[in-house]
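Engineer: Per TrEMBL, the features are:
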type: ACT_SITE; residues: B:GLU329; note: active site, proton acceptor
type: BINDING; residues: B:THR47, B:GLY86; note: FAD binding site
type: DOMAIN; residues: B:6-40; note: domain 'Acyl-coenzyme A oxidase N-terminal'
type: DOMAIN; residues: B:183-344; note: domain 'Acyl-CoA oxidase C-alpha1'
type: DOMAIN; residues: B:384-560; note: domain 'Acyl-CoA oxidase C-terminal'
type: SIGNAL; residues: B:1-21; note: signal peptide
2 protein chains.
Amino acid sequence: MGRDLHPLSLHFVMFIPTIQGQTDDEQLDEWLGLAISRGIIGTYAQTELGHGTNLKNLETTATYDPKTEEFIINSPTITSTKWWPGALGKSSNYAIVVAQLYTQGVCRGPHPFIVQLRDLETHKPLKGIRVGDIGPKFGFNSSDNGFLLFDHYRIPRNHMLMRHSKVEKDGTFIAPKHAKLGYGTMVFVRSIMTKDQATQLACAACIATRYSAIRRQGEIKEGSGEVQILDYQTQQFRVFPQLARAFAFMFAAYEIRDLYMEVTEQLNHGNTDLLPEIHALSSGLKAIVTWECAQGIEQCRMACGGHGYSLASAFPEIYAFVVGGCTYEGENIVMLLQVARFLMKAAEEVRSGKARLAAICGYLGKADSAHSRLTTWDSYSDADIVHDFEHVARKQVFRAYDALKRHQRETSPEEAWNRASVELCKASRMHVRLYLVRNFLQKVATAPDASLRAPLTDLTRLYAFDMITACQGEFMKGGFMSETQIDAVKEGIYKCLERIRPNAVSLVDSWDFDDDELHSVLGRRDGNVYPALLEWAQNSQLNRTEVLPTFKKYLGPMMKDGRSKL
Amino acid sequence: MGRDLHPLSLHFVMFIPTIQGQTDDEQLDEWLGLAISRGIIGTYAQTELGHGTNLKNLETTATYDPKTEEFIINSPTITSTKWWPGALGKSSNYAIVVAQLYTQGVCRGPHPFIVQLRDLETHKPLKGIRVGDIGPKFGFNSSDNGFLLFDHYRIPRNHMLMRHSKVEKDGTFIAPKHAKLGYGTMVFVRSIMTKDQATQLACAACIATRYSAIRRQGEIKEGSGEVQILDYQTQQFRVFPQLARAFAFMFAAYEIRDLYMEVTEQLNHGNTDLLPEIHALSSGLKAIVTWECAQGIEQCRMACGGHGYSLASAFPEIYAFVVGGCTYEGENIVMLLQVARFLMKAAEEVRSGKARLAAICGYLGKADSAHSRLTTWDSYSDADIVHDFEHVARKQVFRAYDALKRHQRETSPEEAWNRASVELCKASRMHVRLYLVRNFLQKVATAPDASLRAPLTDLTRLYAFDMITACQGEFMKGGFMSETQIDAVKEGIYKCLERIRPNAVSLVDSWDFDDDELHSVLGRRDGNVYPALLEWAQNSQLNRTEVLPTFKKYLGPMMKDGRSKL
């Protein structure tokens, strides 16, 4: 639930897992106990000032010197400065450093090394190390994200993590047996991220919904008093889709975690069939969920008017935290293009008649239908909805595929990819949205408590209809949906808003956020918003003194001077 | 260019203009000189904790006591606390306070009073006044936005601003001659806001474009080195539309300022014909421009990856400043609904054959065409583009109108309005977007320097095409545009991106922002980004000491303890 990093977050999330996964047995004995007992604190230093996305061009070097049996870690340029690792600036005395391994005069690509940065007793940086905080950020300001520079800093040979690659005493490099590792971990991290992000969107939706039931402004019936702003259709249209998304994304997070378990089980039996598909799905989910959560949070914030702009609302903190997720753990556009790589392979297989598609992509091999089966919004079945999203996703995947092929006839494969990339991203988005809507419908349809299905079904409809109208052009292309059908979808939205209204507060209460977790004056469970806002304001740092020192120094003399002139 | 408020901002922007516009002659003599010489510092206190949008329900009271010839200003509830005024918390010693005027036992509605808050010499709050800072916000944190409570605080009768309404010594209330005043000022303030917002979007586009020309990441042609990220289609698609918007919005801001001058001139001759239309347009522009600027700034920020998240980029400060504009000076949804009121009147006139529409709304009276005249993107003329945007705006205005009429047959006018409100907002958006695209095309077509027309024309196309694809469904409805035509628009986008690429840096340089104004390490004119980032980081507060005091207190003992257990 936190919206920042603890000084030991990276130690537990990255440093220890890397030791567990990438050391040989001897190294494991040397480091794991020390790390677990918190005898040292470590972080993970990979990203550099000049390179994040393109890891193979990282510039930090680790050059093996067989004479002393040491690696010389060096930062040859300013752009090679390690940049961003959490807790690197001031807290950590160790780090896993990813550097280009040079041995016997040959570059062997990026490898991980365990490096001591600060003296264990004095905590001062060791000679050859320059380390510090990178300064304030949009969010995460309790975290000392750091920079790190090496000046020909020497570490023993056995500080290279040698589970996979090895460097022998004489400098001989031994390549790893398996080239592609770590996909599973990425899937896991992204499933956690999806859940965290969905939770924060839920917090935002909870705050906005509760406050909109407290806030009264304007009249709908003259003379009958001001109404709860949650009664305005425009307010419902801002807030309720976020509520629906929060549920949809949480269900997706649970599903992808289960899939991860399944894949891990399969991997243990040497079966890698599902891995590419799950990896693509988790990348795509990460991109869609982080961005839609961020957008949704801003809608919730603005739905609370001026008070949403105060830090008392918690929205600014929620937004800054969540929107960071669009960038870290894989920039979203890069993620979408990864998904597209996978989708283009699948499209190729379908076109060449060699399709061997697993469940999530099965729709790519299905035959097209001429029309949506929608008649009225309330008779539009789960199966029909999924059918229509499949149609639109399939169309876009093959539209991107055809664009790519067309460009490939005119230019190099790389430039063709670049020229098709906006269409490719769109294909990835539709693929992920299809997954999200299908999973949401399925989870609600099979909810163990049948009494929950009616209110949740309204949310699934709102979720699906909102997406359809947001990209209605895609649904209308080729006459797949008529204008009348689009009108039926819109009617469905307005009816769902009305139906969700009486359940809205109960729905957000169902998440059972503690006031301390929510950390929002506007979102208080007891609804006692206004006295609490006034109380919160008293704690403003500026209110510690009634008259600020600046009055004596500047304002007072300025005004006195002004008055004396009259 | 600033992204915060100066302690005297409200004094000059609200306090003095209110004195100029709302005092009688005697009051003007008493207060104007004092305010202009800065002998006192004032602000404008209208919004309360419980009421912003619905001014007529403000709760602060000003009750006239004929015995002492004083008003008693009082805050009867917590929700009546004045909240948000800039410089109220600590800087101002005076305020214009808007309160419900009670005289002879009757409420006369909200009126402005000039009220002393703090002692001139000691700056301490006067007896009966409770005033302070409202605490930290998303942005504007140099400003002491304040709260203010009155406990039966007495002011002389002549502290009510009496240019329009008056209260005589015996308590007789004299109503103003003209009920609707101040529309012109609102138009003016919103034209200034539009320009400020567009300027900040331009700053963001400038930073993102320059940095994208410096940043290299990944290869398009293998072996030929890493490319400037501005060469990626996805990056262009993120950043260039923001560049186009910045120009479009600036041109709109200039146009609305000129229209304001024209209207003011007409008002001086007693002609109020244009006022409602201009007022509606300025409200709509405020809503569209603030939101699209905010969205565009976030796209620019994310296009800069992790470095965009650092305060060094200036993006967080730009975003927090601009997105506030979606809420203050009229919440955006409320603004759009105001525009819709005007549009519904215009639609009513057209349907009843009584149309007397001025230029901006003239399109509502035009006959429908069956199809767009678009064939290829590069032969799509200004006139054709405007024609098509007019078609889509007109369709949506009448769609909303018909929905409103349909609901009116079923329920009360107020509830009918509520049920149609999402459609009404959509109509307002299309109306404003038509205005923006028409004005942008016109301004570029008539640019005095013909050599600028080619690069700017690419931007007008990108701007128009991007909007068309974003709401392609609206353009496809009724077969107005075919799928082939939509494909032509999409091709136009990709071609425009290619054509803008070589001019992009020059275009953002043309705004001639000073590095100090831009205030962004990423957006430096000299492009020397990486050394400057490293230097900027050195100034982080955390870097003032090499080892933080927390090491001795917590981290050191914890690690020592951890090591001793092994």
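The backbone N, Cα and C atoms fix where each Cβ goes, and this holds for glycine too.
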Engineer: Only counting partners 6 or more residues apart, tell me which same-chain residues put their Cβ under 8 Å from the Cβ of B:GLY86 (FAD binding site).
Structural biologist: B:LEU5, B:SER9, B:LEU10, B:THR43, B:PHE140, B:SER143, B:ASP144, B:ASN145
Engineer: When a 10 Å sphere is centred on the Cβ of B:THR47 (FAD binding site), how many other Cβ atoms does it contain?
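Structural biologist: Looking across every protein chain shown, the total is 20.
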Engineer: For the domain 'Acyl-coenzyme A oxidase N-terminal' (B:6-40), what are the same-chain contacts with Cβ under 8 Å, counting residues 6+ beyond its ends?
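Structural biologist: Apart from its flanks, the domain 'Acyl-coenzyme A oxidase N-terminal' (B:6-40) reaches 85-88, 91-96, 112, 114, 116, 120, 143-144, 158, 161-164, 166, 182, 185.
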Engineer: Might you list, by sequence position, any residue in that chain lying six or more from the residue listed as 'active site, proton acceptor' with a Cβ less than 8 Å away from its Cβ?
Structural biologist: B:VAL189, B:ARG190, B:MET193, B:LYS286
Engineer: Among the recorded positions B:THR47, B:GLY86, B:GLU329, say which ones reach under 8 Å of chain A by Cβ distance, listed as they appear in sequence.
Structural biologist: B:THR47
Engineer: Write out how many residues of the domain 'Acyl-coenzyme A oxidase N-terminal' (B:6-40) are helix, how many strand and how many coil, based on DSSP.
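Structural biologist: The counts are 26 helix, 0 strand, 9 coil.
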Engineer: DSSP secondary structure for the residue listed as 'active site, proton acceptor', reduced to helix/strand/coil, please.
Structural biologist: coil
